């Protein structure tokens, strides 16, 4: 018997996803298709009768707008929302803004896969002369971060290391109080939560593709261990196509 339910949703397609660029901490907005994905995700939650008590998201507009769109669809826009940089996407460092297919053609698909999918290998750092350095590192939303906290690049391991303290200290107590929690975030910060919940190996989490805009439901026991595999809310074809699209992103165009 499930003691708790947790719902995760990865933001819908962003303008930079559409252009196949490494987004990281760049604040790309949702594309029109991404907005529709978020709407469909919200409608799936509405159709299944979901209600929530508190929501968590990043400080990046593609996740925030996904959350807004979902809350609008389920008519729960009044819910409290906690935003934190700790749920941000992985910081892609010097790769930020580069087209993934062009990067694969230049560095080889194997190297791009290492940067995108290896557990503890970070991409090259974002140097001060990077075109998006000031846009990200000098943004006032990060003014309270210490030098140690503000990354110039992150591996998946680094991303999980800054997301999990927030999970443990802020989200877990809410779940254990019986609050119904919705988290709208990014592929890599959500991977960290999934890895932690399911006890996945580093290899397994690298291969996990979370679809965009599709609600993912966990039923958890009193120790916050899943009692069954993650469930997707959406028809099977939608889920399969979304996961295949995510897996194809780092491949060079033929």
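The backbone N, Cα and C atoms fix where each Cβ goes, glycine too.
Summarising the environment of residue 187 (substrate binding site), the number of other Cβ atoms within 10 Å of its Cβ, over all protein chains shown, is 22. The substrate binding site annotation in Swiss-Prot covers 10-17, 23-24, 62, 89-92, 100, 116-117, 187-188 and is backed by similarity to another entry.
Around residue 11 (active site, tele-phosphohistidine intermediate), taking its Cβ as the centre, 33 other Cβ atoms fall within 10 Å, counting all chains. Swiss-Prot lists 11 with the feature active site, tele-phosphohistidine intermediate, giving similarity to another entry as the kind of evidence.
Under 8 Å, Cβ to Cβ, and six or more positions away along its own chain, residue 14 (phosphoserine) finds 23, 28, 29, 30, 31, 34, 62. Per Swiss-Prot, the feature phosphoserine maps to 14 (among others); the stated evidence is similarity to another entry.
According to Swiss-Prot, the feature phosphoserine maps to 23 (among others), an assignment based on similarity to another entry. In three-state terms derived from DSSP, residue 23 (phosphoserine) belongs to neither a helical nor a strand segment and is classed as coil. Of all Cβ atoms in the shown protein chains, 23 besides its own fall within 10 Å of the Cβ of residue 23 (phosphoserine).
Look at Swiss-Prot and you will find 26 tagged as phosphotyrosine, backed by similarity to another entry. Under a cutoff of 8 A between CB atoms, and with a sequence separation of 6+ in the same chain, the neighbours of residue 26 (phosphotyrosine) are 16, 96, 97, 132, 135, 136.
In this view, residue 31 (phosphoserine) is surrounded by 18 other Cβ atoms within 10 Å of its Cβ, with every protein chain counted. The phosphoserine annotation in Swiss-Prot covers 31 (among others).
Annotation comment: Swiss-Prot describes 89 as active site, proton donor/acceptor, evidence class similarity to another entry. Here residue 89 (active site, proton donor/acceptor) comes close to 23, 24, 25, 58, 60, 159, 186, 187, 188, 189: these same-chain residues lie at least six apart in sequence, with C-beta atoms under 8 angstroms from its C-beta.
The annotation N6-acetyllysine is assigned in Swiss-Prot to 106 (among others). In the three-state DSSP assignment, the secondary structure recorded for residue 106 (N6-acetyllysine) is helix. All protein chains shown were included, and the count of other CB atoms within 10 Å of the CB of residue 106 (N6-acetyllysine) stands at 12.
The feature phosphoserine is assigned by Swiss-Prot to 118 (among others), with similarity to another entry given as support. Within 10 Å of the C-beta of residue 118 (phosphoserine) we count 16 further C-beta atoms, all protein chains included.
Taken from Swiss-Prot, the feature site 'Transition state stabilizer' applies to 186, supported by similarity to another entry.
What Swiss-Prot lists as N6-succinyllysine is 251.
Under the heading N6-acetyllysine, Swiss-Prot lists 251 (among others).
Annotated N6-acetyllysine per Swiss-Prot: 253 (among others), in sequence order, evidence recorded as similarity to another entry.
The N6-acetyllysine annotation in Swiss-Prot covers 254 (among others).
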Practice task
Write out the long-range same-chain contacts of residue 10 (substrate binding site), meaning residues 6 or more apart in sequence whose Cβ is under 8 Å from its Cβ.
Solution key: 66, 184, 185, 186, 187, 190, 210, 211, 212, 213, 214, 216
Practice task
Taking only the Cα atoms, work out how far residue 13 (substrate binding site) lies from residue 118 (phosphoserine), in Å, as a whole number.
Solution key: 23
Exercise for the section: Can you grab the distance from residue 106 (N6-acetyllysine) over to residue 90 (substrate binding site)? Cα atoms, rounded to a whole Å. Expected result: 22
Fill in the blank from the handout: Students should find that the Cβ of residue 24 (substrate binding site) has, within 10 Å, a number of other Cβ atoms equal to 27
Handout entry: Integer Cα-Cα distance in angstrom, residue 100 (substrate binding site) to residue 118 (phosphoserine)
Key = 16
